Amino acid sequence: MRTHNCSTRKLIPDSRKNETVTLIVVIITLITMIVEIIAGLISGSMALLSDGIHMGTHALALFITLAAYIFARKQMDNPSFCFGTGKVGVLGGYTNAILLLVAAAAMAFESIERLINPVHILFNQAIIVAVIGLVVNIVSAIILGHGGSNHSHDHDPLRSHDDHSEPICYHHSHEDHNLKAAYLHVITDALTSVLAIIALLAAKFFGLSWADPLVGILGAIVVTRWAIGLLKQTSSVLLDKSDTSETVARLRELIESDTTSIEDLHIWQISENEQSLILSLNSSDDKGPSFYHNLVKKAGHFDHITVEIHKHPPDS
């Protein structure tokens with residue numbers, strides 16, 4: 001039986017642009033972190049020091065995104081990854097979603113603590129820090145937003161044989177869960193900064209001291225919803241879960257006949273937007289794999305297609 005050399009197929013989109021913009025944002029975040037920590041130590045401002053440390057955790061989350069891109073690129077031709085390294089980025093997104101949940105829990109805990117035990121706030125310093133954070137995150141969001149616009153196609157020639165065919169591998173990318181996770185981290189920080197500025201102004205000029213922790217709780221709720229949504233998307237890909245009922249019905253409608261039946265069918269995602277299909281048929285007609293390849297492509301978009309035909313004599 002013939003086997004397919006997986007190392008000859010590149011099944012993930014070229015993410016070098018997304019890797020580059022993530023690196024730029026990591027550098028911006030690290031510079032901001034260093035400046036804030038140094039300024040906080042020199043001035044004695046706990047607000048600047050705390051935000052500098054927070055920027056460090058933010059940089060760690062972005063570094064996970066960057067590391068996923070680098071690993072996926074360097075291992076792209078590794079034959080051990082038979083369907084490519086497309087899921088590495090999904091894993092990075094999943095990890096960052098968990099970090100977002102941890103951050104949301106920390107925000108909620110700290111906000112509830114401050115509702116119960118209010119602390120004195122240095123409003124001017126806190127507002128300045130929040131504005132700095134907002135500006136950095138807006139710049140980072142713009143940079144990351146420009147990185148997620150890749151849309152590309154690659155196609156390999158169709159190869160067919162009498163009893164089986166080699167896969168057709170091409171890619172069609174729309175969404176990058178890894179970049180989306182980094183973008184959510186930045187947007188989360190930007191949202192927190194906006195809410196913090198509003199709450200601090202309300203507390204400073206109207207005496208609404210409860211506004212700051214209340215806004216923190218609202219921010220934690222929003223971040224939790226975003227993180228859960230990203231967890232659902234990434235975990236579905238990692239666990240090979242996909243809603244293929246309509247596609248399966250369409251395939252049966254196109255392929256099955258009096259002389260051909262589907263014996264086995266598997267459809268799963270190999271990256272954010274790439275699907276793989278393995279189809280095993282029982283057939284008594286003389287149609288080859290290329291004929292069924294074309295039928296499969298009418299049922300949906302697949303980046304890796306394998307068709308196996310088990311021939312049997314027609315009923316007499």
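Here the Cβ of each residue, glycine as well, is placed from N, Cα and C on the backbone.
What TrEMBL lists as domain 'Cation efflux protein transmembrane' is 23-239.
Annotated transmembrane segment per TrEMBL: 21-47 (among others), in sequence order.
Look at TrEMBL and you will find 53-72 (among others) tagged as transmembrane segment.
The transmembrane segment feature in TrEMBL is assigned to 84-109 (among others).
Feature annotation from TrEMBL assigns transmembrane segment to 121-144 (among others).
The transmembrane segment annotation in TrEMBL covers 182-202 (among others). Sequence-distant contacts of the transmembrane segment (182-202) (same chain, six or more residues past either end, CB-CB distance under 8 Å): 22, 25, 58, 61-62, 65, 96-97, 99-100, 103, 107, 121, 123, 126-127, 130-131, 133-134, 137-138, 140-141, 144-145, 148, 208, 211-212, 214-216, 218-219, 222-223, 226-227, 230.
Look at TrEMBL and you will find 214-231 (among others) tagged as transmembrane segment.
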Per Cβ pairs under 8 Å, the stretch of 84-109, 121-144, 214-231 packing most closely against the transmembrane segment (21-47): 121-144
